[in-house]
């Protein structure tokens, strides 16, 4: 047990005293090496260190800039640069021995100098010494660190060249001399080395030159200098599989990777011949004999390259004789703490074979795949300078994008296949080695095969947390600004202005028909400094994105998009919200702007240019802002780009504009009873007033639609009261003063105010209320109105619930066109009691080029849920739901306790079942027109919560949709007891159609039910027919039919007649011509929804 103050060594776990800075056993430093410092050294400029003061000077300096020391260069040898903190080794040059009367070691190999005999006249015992490689460094350590003051030493861990006086490495802290226990060479495992991405690869050292091959013997008078050669070593690509540079990087290995079975250590008496080095003429006979043996090997063609340094454990290893690989016969020399690996033919790489990148087996060049693991040759042998000529998907031998069988362009981020191509083989998840089917453990890292089976059967985790609204906005803006800065930098470098090629300035972006007057008036697209200002007083005002924006700044153009401008005016009551929409908030000289909008429930940052449609005189034709502000025109152009054209922005409701601009949940409160469906529930004016009061206290945005929708409007009567029909107003304040319910409204136009009761000029104002409600007098376009008049002349109130401190999560899905498709359900996990808002958006509902652009009957259902074994979903009690409506989006809100919930999104008026037999009759304006789209329509479920929640899209059972509809109808529908043991449930009012569910509680009798809805109009049936006959088994219930409103703008009518009888058999007998139990038959397209379900 460690005492107080002792510290454990991170390398050998030895307990050292508190005052000890290095480990007493392995001399490792107490603190871990600074990785940042090592990385900085790896990219340091090429410099040479001063031998006197250790200052690092640039290569061009002949003397030290600090102390003035001038190194003595070797004649004819250039000063070696230090690259990446490592002193590179010059080419090894072999020189034939001169003189026969002196005892010499023959040709020897050094790392920085050609070793020759001493110069004549020099005292015996002196010799020229230079910095040499690992062999000399090893020898210096064994001889008591005998090094000259200016030589220095190379760190054996990180190869940094250190000063002679340093006792430990200045980069990694490694000791100069190691004192670790010896480990036999058999315990060392050398893995395959791959160069790390992003690091510079030092070119490989030159190959040795044999005597007689370009290196001639020097005369005695010139033997003092280094010998030069004219032969150029063979060039190997830096990142080639055969590059020795990539294969000679030191790779540290942990101790746990040493195999458990070790052979007896080699006796220290056996010395490696490769570790011999020249020490001059004072070498003994033993070294001379070793040198002679070395020379014989070189002359016989068995030359050795400078050993590559693969230090796998920082421990001293006893020297042993060189061994050879059993597979390729390459020389593997274990000496000291160094493992030298020498290929059999390093100077001439073998291009007749290629190494498999998966299992490292060498295959013949003619083989396209590995004979063992089936790995592709392209991944194991390919020059990096040549682009790939094979398609990764179809294998076509064509350069560039594939236009053959697959027709796909190569992806920049291709997923790596970790699973083997051949059946039975398995890839280790730890080291990716391909193993044989019989192997229970990985041959490299001993990972069990059971782990692979578990990983293969696991499904990817799709559960995610909700994100804070403000954090999401900041994240989106950060990503968008990075793109914007690149575009602006490119435009500045090339002196051009940005032009958006995805929404070009042309007729297609305007989008109106060819003969339309609006299309003909667009003559040119101009930038702000080229546009003529229509207001004379604004001529001297410079252009800007914002200039103290006001709602009255908005001016509508030729487009019929007042729904969007009304929402923009409501948003302008809070200038900070408008600034959040504009990501680029200042004028851009290059003309690139970004706008953040929420289209169909999904946040999108839109990039646009500042080229705006103008007439021949240079005046703007579409929406604009006064005082030369660009925010209105840029937001409108971004919205037009999202939906395809300016033409697509025509017609809409202000609530859609609020949802697009804010991304917040929006709710519309109807003030009038629907004229298309008089049987709708009556309007509760007290409930609406309470909601408006609470919304004002919460700081929500509110807008009101005047004289539109379901109302019959007399334009003259409205204008006489100062109102503008089919126009949106902003609700500024809601007050309950002395029993009077008052609202303060603003006309975005800044003119035309209400002149009825409680108006500015109304003579019956109480004095104290006038001073309280209008302290600054009247202003143009702003007025007070009594709530009863508001109900009479306005159609609806739109509430935008902007929460700056809420969480949000958005889940994409699709509406299946039949019950046979997958039923998407969103699993919701509530961690603490929270208030939640749900909004369901239909994707692509505004685009005019969509194949199936009609609106769907959207509905949201929220249930308690339980997940059984295997994640099987079971629905519980219905907690909340939206009304089923043919709109662009619907919403609902609920307060939930901690637990598991399921959110079901459904729509039915796009179903196109094809029952067998003759075509079924459809009572709808578009009968006979195929409505089925190639792909099911998509949707986005937006979840807003006051606390953190978890959402996860899950795939439910095919019968989950039937269970959800049955629970909804039983909970909210009308109950009718037709006979004993039979109950019918109807859901019609406020549900954009009809849902009929029948329950048979008889234990033995069948229930035959016939439902006739042939007199209905503008509805479509999920059964493909308006007349159905079904046999409900005992103790079962069934969804007989779902009728859905087809066209949202047109009225619909539903008439249904129900006939039922008890029967002892399941067949319908005389009700159908065939012996069937359902008519139309329950095909797989509808069985999941309309099949009988047990009670």
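Note that Cβ sites are derived from N, Cα and C of the backbone, with glycine treated the same way.
Here is what Swiss-Prot says about this protein:
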ZN_FING   3-32  zinc finger
ZN_FING   44-73  zinc finger
REGION    96-153  region 'Disordered'
COMPBIAS  125-140  compositional bias 'Acidic residues'
ZN_FING   148-178  zinc finger
REGION    204-292  region 'Disordered'
COMPBIAS  219-231  compositional bias 'Polar residues'
COMPBIAS  242-251  compositional bias 'Polar residues'
COMPBIAS  280-292  compositional bias 'Low complexity'
MOD_RES   311  phosphoserine
MOD_RES   345  phosphoserine
MOD_RES   348  phosphoserine
ZN_FING   348-379  zinc finger
ZN_FING   422-451  zinc finger
ACT_SITE  562  active site
ACT_SITE  727  active site
ACT_SITE  747  active site
REGION    1074-1095  region 'Disordered'
MOD_RES   1079  phosphoserine
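Positions of the features from Swiss-Prot, shown on the structure.
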{"residue": "562", "record": "active site", "CB count, 10 Å": "21"}
{"residue": "727", "record": "active site", "CB count, 10 Å": "19"}
{"residue": "747", "record": "active site", "CB count, 10 Å": "24"}
{"residue": "1079", "record": "phosphoserine", "CB count, 10 Å": "21"}
As a whole number of Å, the Cα atom of residue 1079 (phosphoserine) is distant from the Cα atom of residue 562 (active site) by 49
Could you round the CA separation between residue 727 (active site) and residue 562 (active site) to a whole angstrom and send it over?
7
Long-range neighbours of the region 'Disordered' (1074-1095), counting only residues six or more past its ends (CB under 8 A)
818-820, 823, 913-917, 920, 958-959, 961-963, 965-966, 999, 1001, 1022-1025, 1028-1033, 1035-1042, 1066-1068
I want to verify one value. Collapsing DSSP to three states, which class is residue 562 (active site)?
helix
Stretch-averaged pLDDT - the zinc finger (148-178):
76
Between residue 747 (active site) and residue 562 (active site), the C-alpha gap once rounded to whole angstrom
12
What three-state secondary structure does DSSP assign to residue 1079 (phosphoserine)?
strand
